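Colleague: According to Swiss-Prot, the protein has these features:
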BINDING   GLU68, GLU101, HIS104  Mn(2+) binding site
BINDING   GLU101, GLU167, GLU202, HIS205  Fe cation binding site
Amino acid sequence: MNRTRSASMVQGGLNWDSLPLKLFAGGNAKFWNPADIDFSRDRADWERLTDDERSYATRLCAEFIAGEESVTQDIQPFMAAMRAEGRLGDEMYLTQFAFEEAKHVQVFRMWLDAVGVTDDLHHFLDDVPSYRTIFYEELPDCLNALTIDPSPAAQVRASVTYNHMVEGMLALTGYFGWHKICVERGILPGMQELVRRIGDDERRHMAWGTFTCRRHVAADDANWGVFETRMNELMPLGLRLIEEGFALYDPMPFDLSVDEFMAYASDKGMRRFGTIASARGRPLAEIDLDYTPVQLEDTFADEDARALAAV
């Protein structure tokens, strides 16, 4: 495809108040380097854990690092879809998005190396078939479909799978798990810093996904049905993944509660419906400047911070 114009040179320039470029600026302002995180104390804490505690923590980390690798690879077709749509601001943000996902792979691998976990970890995923279904089938299928069909409906399905299920439900629940393990016990300070850093990045990622779904729903109400259907397909699968992980341990390491995790994940999934639904019937031009998606993720972060402070 030949290039005929440059969006950055049109009259008026770029709209820096549009949500994608706000997210882009936010990512630049909050840049962090994985090499700056101090993992030196984590090794001693790690060695004091029981075998089952180390097993569960390794499993959780394996699920995270494999997931971060998957999304690093699978976001590429969304960039091409934004280019085809002529949305330079979104394309700029997604380049940063992909870079951050690659950085998350780096930092989880650095932590594993720091605590001495260097064995092959694939077997940790064999016992949770729902994980493989989501990350090895549903995610790449939905994202790769954009190379053939970058339509709004296909974008909504891809965003639900990536931003609302993988990030907005499963990753948030995983961070919750790390907080329960680390913060409540005052251990693994490097992991605590790691989770804080990637959580901040992921809030921007989820906000972009919510924004993308909202603008397509505002443009065509039929896309609300696409969003609703895809969420209803994936939420049971995500909850089953959590159940499968808990079923492997008796008693559960760190005194974690499957009911608490299921309730947390369900809450994060269900509350996304209202934010997307609020775009129905709205003028499309308003959506680009509506920061509701950012506010939702900030609300989740504030709730988690208050809950941890109360421990």
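Yeah, the Cβs are placed from backbone N, Cα and C, and that goes for glycine too.
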Colleague: Looking only at HIS104, HIS205, which of these binding-site residues has the biggest number of Cβ atoms within 10 Å around its Cβ?
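Modeller: Output for this query is HIS205.
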Colleague: Apart from GLU68, GLU101, HIS104, which residues in this chain have a Cβ no more than 8 Å from the mean position of the Cβ atoms of those residues at the Mn(2+) site?
Modeller: GLY67, GLU69, VAL71, THR72, GLU100, ALA102, LYS103, VAL105, PHE108, ILE198
Colleague: State the Cα to Cα distance, in Å, between GLU101 (Mn(2+) binding site) and GLU167 (Fe cation binding site), rounded to an integer.
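Modeller: On Cα coordinates alone, these residues lie 11 Å apart.
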Colleague: Cα-Cα separation of HIS104 (Mn(2+) binding site) and HIS205 (Fe cation binding site), in Å?
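Modeller: The separation of the Cα atoms works out to 13 Å.
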Colleague: So if I measure Cβ to Cβ from GLU202 (Fe cation binding site) and keep only same-chain residues at least 6 apart in sequence, which ones fall under 8 Å?
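Modeller: In sequence order, the residues whose Cβ lies under 8 Å from that of GLU202 (Fe cation binding site) (at least 6 apart) are GLU167, ALA171, LEU172.
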Colleague: If one measures from the C-alpha of HIS205 (Fe cation binding site) to the C-alpha of GLU68 (Mn(2+) binding site), what distance in angstrom results, rounded to a whole number?
Modeller: 13
Colleague: Check each residue in the chain of GLU68 (Mn(2+) binding site) that is at least six apart in sequence and keep those whose C-beta is under 8 Å from its C-beta; list them in sequence order.
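Modeller: Long-range Cβ contacts: GLU101, HIS104, VAL105, PHE108.
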